[in-house]
Structure formats: C-alpha cells, structure tokens
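Encoded as structure tokens, the structure appears first; notes follow it.
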C-alpha cells in the first residue's frame, strides 16, 4: 500500500477516525492492527518476518534488563547474539544473492567450473529500516539509555508503526516508545499542520519526483544515445528526484504521525544548501546518518584517535552506509566517494585553520565581512557538484554503467545540441509537462530558500486572517485533487527508498 495510492487515501482517514473515537486503552492495539494490515498488504508473509524481528528485539531487551545479566560477558553475549540474528535476517534477504554472485565470480576467476546457485529472494519492503530501529533499541538498552519495554504490544507497535515502517525515519526508542505510552487526543491545530505537511510531501513526490524520474530513467537506460550535456542534466535532475522522492515520503510519514499525535524526527533540512559534505550529512537522511554516527562511527572510536585512525573510521562508516543502501558495488563506491569527501574535508579544515592562525585578525575579519555571501554561494555550488558526482554511481544500475557514462560525458563533447533540437520534449514528457516540472522545481527552490532563512510557511499561514488562510488551503487541496485526477489510471510509482 503506497502512500500515494487510492487505497491509502481510504485507509488513513479510517484509521485516524477510529483512533480518536475508540477508548484510550484500545488505541495502541488499533494502531498495531492497522500497521500490520498496512505492511501485509504488500505480502502476507511479511507479517511473519516483522513479528520475528519484533520477538528478537523484545526478548533481547528483557534479557538485557534482567539483574543476572546486568554485568560482564554474559550481558554482552545477549546483545551480540540479538544483534547478529537481526543482521543475519537482513543479510539473508538483502545480501545473500549478492554474496553468492561474487563468490561465483571468484570461482570463475580461478578457473573453476562449479557455481553456487544464486538464491531468488524477494527483498521485504522496509526490512533495512525496522531491523536498524530494533538494533538501535537493543544497544540503547545495553548502554542504559532507555528502559527495556515490558509490553510486547507496545514494542511491536514501536517496530511496525505504519507511517515510518517502510522507509523511516529510523526512530530512537527513547522518543517513540515514550510517545506510544501516552496516546494523544484530537487536537485541531496539530491535525491541520500534519495534513498540510502530508500535502507538501505529495507535491514533492507526485509533481516533481515522479515526473523527473521519467526523464532520468530514459537517459540512464539509453545513455549511449544522449550527449554529454544531457547526461549531466539527467544526473542533476536525479539529485532533485531523489530529494523530492525520499523527502516527500518523509514529509508524508512525519505528517501522518503528527495527525495521530506522534512526533517523528526531521529527516531533511535543505541538504543542497550545505556548504560542505560534512554538513550535507547533517541535513540528508538525518535519522540514518545519525544512526551510523551513534552506533558505528562512535563505537569505532570516532575522531578520538589519530588522524589516520579517524580516516579509517570514516571510511568504514561510509562503506557500510553505501552497502546498506543496496547490494551492489556501485553503492559501495558511492559510499567510498562520500567517505573520501569526509577525509579530505578534515584535511582541508586543518590546513585552513592553520593558515588563519598566521593571518592578521584584521585581514580575516575584512575578508569574512566582504566575501561572506559570495564564499557561501561558491561552497554550496561545489558541495552540490561533489554530491551530484556521487549520485551518478548511486543511480547507475551497476558499476560498469556508471564508468561508461562518465567516459561518455568526458569524450562526447556535445553539451547543448540536444537541448535545442527538441530531444528534451521527446523523452516521455510533453512540452507542457516539462515546463510544469521546471515550475514546480522553482517552487521547491523558493520554499527551501524560505526555510533556510528561518521562515516557516505554516507559521506564516497561521497568522493570516481566516478568509486568506482557508482560501490558500482550498487552493492547495484543489491542486492535490487535480494531481490525483491526472494520475488516475496510472500505476503509482514506488518510492526509491523502498528498495533499500
């Protein structure tokens, strides 16, 4: 059941209406039933899998909380065993085929005629997200940051809460479990703000991401017939597509949870306004990047050791992050590129700080005051170019295609020809749809600029008089209805992060 399907547009009002009508003691059970129905609408067998992960997390948490295993090796063994089982389940479904394929490649390389059978497994939707959420809970209980949850029903809801089940945000137990213990009552302003956030998410997904995907897919599938300029254009457009696709999902998820009285963490904060790659990861997929920071990078030692050790820790973290996104070498390379950016960024900061110490303070202040805006704009552009270069590897079907596309970009040399000969309007979108896409990207840019400047559109709307406020609400709702009618009869495009 996709967020932008008609089935969800029936499911969500029904779940929400019943949630606020039923007694408080029944609210958790109702949400749990709704969450399992939501997840099992893809495949009934998924219910057994998420129940297994839930049982492992619940049982592991209770064992960690028992007095007899509070100290020593036994407690660590409980944590290690629980985490390894969760990781093993994730590996089996997501990486076993990839591992067998690479083993077969090695066997062929040494001249063996034998080959292992590649398992044909369907990747369960959302498994990377709810296994990581469960692992985070187990580690927090082990560290004493959160109490072990004694209610199996509540813990099952923590793992399966449907707004964030299949693609995050990856929530921390200290936040989500605490909110689930005290179900919220109906609040008009909260529900209204949640619905507005959902509508913005639908705008990002259906008006921008799905339309951009048509052009991007056409170029990446048939890259040999496109020029250097068009390949670069498609890669830049993919940066917009994945931002609006995943950002749109996150806004719908956060908005839906807000309607139900649950606050989920922000997952995106204008990432393409980052002035360096380090800041980019503080703005992009925040729940995942903070998960890797807290549960992998810091335990490895973080930046507490030597520069060399810090570089190794960064590379390990980003290589694992790349592999988390998909079972393919192009994802590993994507992670390695971003890890290299982090290592290089640390070196540049060290050199920059050393140079500033040698310059007179007056010159530094003069440069900062006169060139601050220009310098920031240049750094944003450079960061976007670096990020977009990495996106090419992420989007390509495999590593060989990414390399071939880079080679064609460098060697083809035709930069503007296909933008003037009508090629752009024959790639799946008509001329009007291309113009609509350009306009909606412009709207997105304006909104992000306002948010980056600290201006909240929802807060501004709330201050307007009733007539103006509701006129805007009706226009937004009308646009959503038009969007639904335009997409009626088309198969809803899945969110990109569902494959992870």
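Backbone N, Cα and C define each Cβ position, glycine as well.
So that you can see what the record holds, here are the features copied from TrEMBL:
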TRANSMEM  5-22  transmembrane segment
TRANSMEM  42-64  transmembrane segment
TRANSMEM  76-101  transmembrane segment
TRANSMEM  121-139  transmembrane segment
TRANSMEM  151-170  transmembrane segment
TRANSMEM  226-244  transmembrane segment
TRANSMEM  377-394  transmembrane segment
TRANSMEM  470-488  transmembrane segment
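Long-range contacts of the transmembrane segment (42-64) within the same chain: residues 1, 36, 75, 78-79, 81-82, 85-86, 89, 93, 122, 124-125, 127, 130-131, 134, 137-138, 141-142, 148-150, 152, 155-156, 159-160, each at least 6 residues beyond the stretch ends and with a Cβ under 8 Å from a Cβ of the stretch. When each of 5-22, 76-101, 151-170, 226-244, 470-488 is checked for Cβ pairs under 8 Å to the transmembrane segment (121-139), 76-101 comes out on top.
Note on the transmembrane segment (377-394): residues 235-236, 238-239, 242, 272-277, 279-280, 325, 330-331, 333-334, 337-338, 341, 402, 405-406 of its chain, located 6 or more positions outside it, place their CB under 8 angstroms from a CB of the stretch.
Same-chain neighbours of the transmembrane segment (470-488): 4, 196, 199, 202-203, 206-207, 461, 464, counting only residues six or more beyond its ends whose CB sits under 8 Å from a CB of the stretch.
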